[in-house]
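Per TrEMBL, the feature substrate binding site maps to Phe67, Ile68, Thr69, Ile70, His71, Arg133, Thr258. Among the features that TrEMBL reports, heme binding site is placed at His244.
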Amino acid sequence: MTNEPSADSVVGCPVGASSDFGDETVTSHHFGEEGAKLTYGSYLRLEQLLTAQVLESDPPAHDELLFITIHQVYELWFKQLLHEVDAATEAMFGGRLWWAKHLLKRVATIEDVLIRQIAVLETMTPQDFLVFRELLSPASGFQSAQFRELEFASGAKDPTYLKRFRGLTDAEQKRLAERLEAPSLWDGFVHAVAQSGLPAGTEDELRDSLVEVARDRDGHGELWELSEALLDHDEAAALWRARHVTMVERQIGTKSGTGGSTGAPYLRSRLGLHYFPLLWELRSFL
Ligand code: HEM
Ligand SMILES: N[C@@H](CC(=O)c1ccccc1NC=O)C(=O)O
């Protein structure tokens, strides 16, 4: 005997299918290849996802699972952010400014989550981190290819990073090199400014055009809103860097990093980075 309802008792259920629910709650079913039923776990590839947390410490340090989980969640969101940033850039080149703005709002919302989740990692004490910290060397967040791709795709293209990375895979190197050549969010925005009929051939022209956009929002409302959405992304990235370095100081003080940098001083040297410096400069001219 089985507890599952028979196929013909399930509303909307194809012949031969069975349900995890009673008659009233089931309305339809989906099938994968060869009639195999798609399940929650198979759709989300949970077997791969949930077996990818492999600790370096042995015996296992209690907090290392948290450390790995947080970083893996970051990389999943980085992948999503790149997907949205690429689409937003394409939308600006294609004249679909409302869509670019819509996607950039999503980007900033995800970045908000990335900033707030640092607090979860801060529930780890420095003593508990030290149980497994040495095992991580010479690995470091510095080697996150997707993080650097996001910087490049946003417009902060520092080619020296390509040479400074140790241990990137060939595929990661290739992706980064391609990103250096590909149009960035900023390139997309400059294109949109030019398409609206405003001068955008030189930095000076662009500066004047941005002031014009800001002063005439009735005439240039869509561009203004787009520039604000870009600034939200830029600001969120800056807030993440600041939040990360305060966490780093709390965890390792003035120690140098596992990646070989000076640690907090290196990270502080990056706090002035802006993806869209002209949008920040503009504030001084209004
Ligand atoms: C206990 C927690 C953490 C500590 C102590 C820490 C420490 C550091 C240090 C010292 C550096 C400088 C590179 C080095 O020499 O190692 C660095 C860079 C970096 N970390 Fe972390 N980190 C922590 C958590 C995270 C998390 C959760 C992420 C999320 C992905 C992350 C992403 C990065 C990135 C992207 C860089 C490169 C930043 C840049 O070049 O501007 N870190 N981290
Ligand atoms: N760089 C950190 C270690 C660390 O946080 C880390 C190590 C391996 C992989 C990712 C890391 N996250 C950010 O740097 C440290 O020096 O303590």
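Glycine residues also receive a Cβ, built from the backbone N, Cα and C atoms like all the rest.
Annotations in TrEMBL come from automatic prediction, not curation.
Geometry remark: His244 (heme binding site) versus His71 (substrate binding site), CA distance 13 Å. Neighbour density for His244 (heme binding site): within 10 A of its CB lie 19 other CB atoms from the protein chains shown. Ligand 1 lies under 6 Å from the Cβ of the following binding-site residues, listed in sequence order from Ile68, Ile70, Arg133: Ile70. Arg133, Thr258 are the binding-site residues among Thr69, Ile70, Arg133, Thr258 whose C-beta comes within less than 6 Å of an atom of ligand 2, given in sequence order. Thr258 (substrate binding site) carries neither a helix nor a strand DSSP state and counts as coil.
Neighbour counts of Cβ atoms within 10 Å were taken for the binding-site residues His71, Arg133; the minimum is at His71. Of all Cα pairs drawn from Phe67, Ile68, Thr69, Ile70, His71, Arg133, Thr258, which the record names as binding substrate, the longest spans 19 Å. Neighbour count (other Cβ atoms within 10 Å of the Cβ, all protein chains): 15 for Ile68 (substrate binding site). When the binding-site residues Thr69, Thr258 are compared by the number of other CB atoms within 10 angstroms of each CB, Thr69 has the fewest.
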